[in-house]
Amino acid sequence: MDHDHLPLENMTLMDDALYNAVGQGRIEELHKYNGSQLVSLRTPNHNTVLHVYLATDPTQFRFAFKFRSFINTYGLWLNPRTSATGILNSMPKMAAYLQSRSGFTRFTATTFVEQILDKCPSLIVQVNAKGQTPLHIAVKYGRFAIVKVLINRAKAVREDPEDPQGIEGAREMLRKTDHESNTALHVAAGNIGKCKVVQALLKLEDPEFSYAANKNLETPLYIAARGGYYHAVAMILDKFKSKAAHNGPHGRTALHAAAMAGDKRTTTTILEKKGYLTRTTDENGQTPLHYAAHLGSYGVVKLLLEKDPSAAYIADKETEMTPILMAARQGHGKIVSEIMSRCPSCCEMVDKRGWNLLHFVAIRRTPPALNGYIVEAEAIGTNYASIRNLRDEKDALGFTPVEFSIASFGGHYGIMFKRMVMPKTKKEQIVNLFEEVLNGEVAGVPVGRGNEDDNLSSYDLDFENARQAHLVVAGLIATVTFAAAITFPGGYKGDDGPEAQLQGTPILIRKAAFRAFVISNAMATVLSFGAVSLHFESALPSVRSKLSSLKMAAVCTYYALYAAIAGFISGSYVVLQPSLPLAIVVCCIGFSFFCFKGFMNFLSHLPVMIRGMLDSVIVEILIDHAKALRGDVEDPQRIEGVRDMLRQTDYESNTALHIAAGKGKWDSTLHSGQRRISSCSGHDIR
């Protein structure tokens with residue numbers, strides 16, 4: 001008779017007394033029933049007595065019960081008056097008592113199971129309402145010793161002359177699935193810390209056998225990888241080698257699962273045995289590198305790139321985004337830098353909207369090196385030379401990363417010192433695009449909006465810090481210069497002498513250096529007070545007002561600082577003029593400030609100057625090679641060959657001259673080449 005799917009009215013319900021006795025591991029209660037009765041005894045969920053016992057933790061229950069009995073027997077009450085010495089002295093008695101009562105040992109659980117199966121062997125294959133065998137339950141709760149007992153018992157259930165050791169009988173039980181198509185290995189693979197259980201389940205398996213996916217389309221290897229259980233992953237791969245099925249839902253692989261878990265050891269284990277999975281895509285065309293980049297798993301990204309850098313160039317199906325674009329969209333600057341360092345040319349790839357790397361960087365403002373390049377065209381270093389042209393590249397709607405930066409953060413830092421005003425309608429269009437992008441997801445994980453909020457708050461913090469710093473400097477200059485204006489060096493004329501009518505006039509008023517001091521001090525005072533007043537305007541709610549005020553205040557503060565230094569030099573000179581050597585030394589020290597500022601400005605522009613000179617040299621070389629490519633008897637100087645190259649257009653009908661004129665590089669690049677051609681041809685071709 002099949003008891004697996006008996007309707008509730010045809011089964012014998014387990015009474016409460018028996019249910020509690022089984023949970024407590026009291027085998028004597030089961031001696032009242034024969035084997036057929038034990039099979040029929042079920043709970044409403046069709047659990048047998050073996051299911052009930054395995055789902056309970058009788059060891060801890062019985063220990064607590066016996067510990068309470070020991071306390072009652074020996075009169076040892078644990079209260080604040082009980083001494084530590086008394087408790088320690090009672091420990092040997094406690095151990096002897098526990099061992100004397102019902103054989104409380106580590107083997108009690110296995111003994112209970114063996115006695116049940118001795119009485120009713122068929123319980124080992126009975127299933128509950130979910131289709132779970134006792135092995136499923138034992139594996140679920142990590143009962144390693146019981147799992148071994150069940151496997152050994154399964155060998156004896158099926159008698160086969162061709163299989164005297166009962167291996168096939170055990171394998172049949174191991175491969176039995178519940179109603180969700182989960183085998184015991186599926187269950188074990190999803191439980192943390194159950195490595196011994198996984199090992200026991202794999203011991204008798206056929207290395208050529210491949211476990212199928214459950215109803216969730218998950219294989220045991222995928223489940224273990226998704227949980228980041230690298231020990232279980234290693235055991236499965238070692239057992240089945242290349243036969244281990246790695247499939248998961250939505251076309252994912254075990255490597256996708258490891259990337260989702262963000263576990264480096266699991267990823268390393270899979271890469272060692274199934275390294276080819278780095279380029280395998282899911283149903284959306286996304287690789288494990290897409291997942292790791294989106295989820296911010298920096299360590300996993302490094303491992304995947306070390307194994308196969310070419311995966312960085314794979315775009316997904318829906319958005320045509322590469323891993324570096326996904327990392328930039330999430331604001332994972334460290335991952336963006338890592339991918340750039342290994343695959344620098346992948347930054348040239350765009351998504352279906354035409355967005356390049358800098359479009360996404362403009363939204364998230366990270367990594368700082370790339371964001372700095374957006375807001376200041378020459379701020380980038382040679383490490384990112386491959387993205388020099390991306391700053392002004394337009395997307396499908398004609399928006400550049402610079403416009404994205406202005407729309408999202410007000411275009412602060414470098415851009416805020418340039419006159420770039422964005423129409424309100426264009427800004428609204430860009431903001432709507434942001435919303436569209438931020439509604440996406442990868443592997444069920446939505447695009448993070450927290451980073452955007454962090455960036456906005458970070459921007460507010462940066463703005464406030466800049467404003468406070470400017471205000472302190474401007475206030476200090478205003479205080480010093482105002483004090484100097486009412487306490488002129490050299491003192492004032494008194495009411496005695498021939499110039500009594502000039503009472504209160506500065507003594508040094510006729511000195512040219514003093515007049516220079518007064519003018520410089522007045523300029524510094526006015527400019528610094530102007531900067532202070534502008535900072536009050538920056539408290540207005542409009543972002544544009546804040547930026548405009550901060551920009552003007554910064555300019556005023558800079559010029560006030562220069563004027564204050566000039567006033568210091570002239571004032572020191574007029575006072576120290578009687579000691580000319582000392583006056584010259586002090587003036588030289590003052591002038592060193594301007595020398596230092598000039599030198600720093602020169603250094604900041606030096607890379608641009610060098611790059612301009614190199615551009616000119618490169619243009620000259622290209623022109624020389626263009627001459628050599630075309631041999632024409634009627635054109636011995638081969639001018640026409642050079643003209644053909646200069647007139648070549650890109651897909652937007654731009655010649656090299658269009659680009660040079662747009663970037664203000666006529667004098668440093670093409671002009672030199674054009675002059676050479678003009679001199680060769682004898683006429684002006686501009």
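We number each residue from 1, going along the chain as drawn.
Each residue, glycine too, has its Cβ placed from N, Cα and C.
Look at TrEMBL and you will find 463-575 tagged as domain 'PGG'. Summarising model confidence by region, the domain 'PGG' (463-575) averages a pLDDT of 73.
Look at TrEMBL and you will find 130-162 (among others) tagged as repeat 'ANK'. Long-range contacts of the repeat 'ANK' (130-162) within the same chain: residues 45, 48, 50-51, 54-55, 57, 106-107, 109-110, 113-114, 117, 121, 123-124, 168-170, 172-174, 176-180, 182, 184, 187-188, 191, 193-194, 196-197, 200-201, 203-204, each at least 6 residues beyond the stretch ends and with a Cβ under 8 Å from a Cβ of the stretch.
Taken from TrEMBL, the feature repeat 'ANK' applies to 250-283 (among others).
According to TrEMBL, the feature repeat 'ANK' maps to 284-307 (among others). Look at the repeat 'ANK' (284-307): DSSP puts its residues at 18 helix, 0 strand, 6 coil.
As annotated by TrEMBL, transmembrane segment applies to 396-417 (among others).
Residues annotated as transmembrane segment in TrEMBL: 471-492 (among others).
According to TrEMBL, the feature transmembrane segment maps to 512-534 (among others).
Sequence annotations record features per position, and here TrEMBL assigns transmembrane segment to 555-576 (among others).
What TrEMBL lists as transmembrane segment is 582-603 (among others).
Here the transmembrane segment (512-534) has Cβ contacts under 8 Å with residues 470-471, 474-475, 477-478, 481-482, 484-485, 488-490, 506, 549-550, 552-554, 556-557, 559-561, 563-564, 566-567, 570-571, 573-574, 577 of the same chain, all six or more residues outside its ends. Broken down by DSSP into helix, strand and coil, the repeat 'ANK' (130-162) contains 21 helix, 0 strand, 12 coil. According to DSSP, the secondary structure content of the repeat 'ANK' (250-283) in residues is 25 helix, 1 strand, 8 coil.
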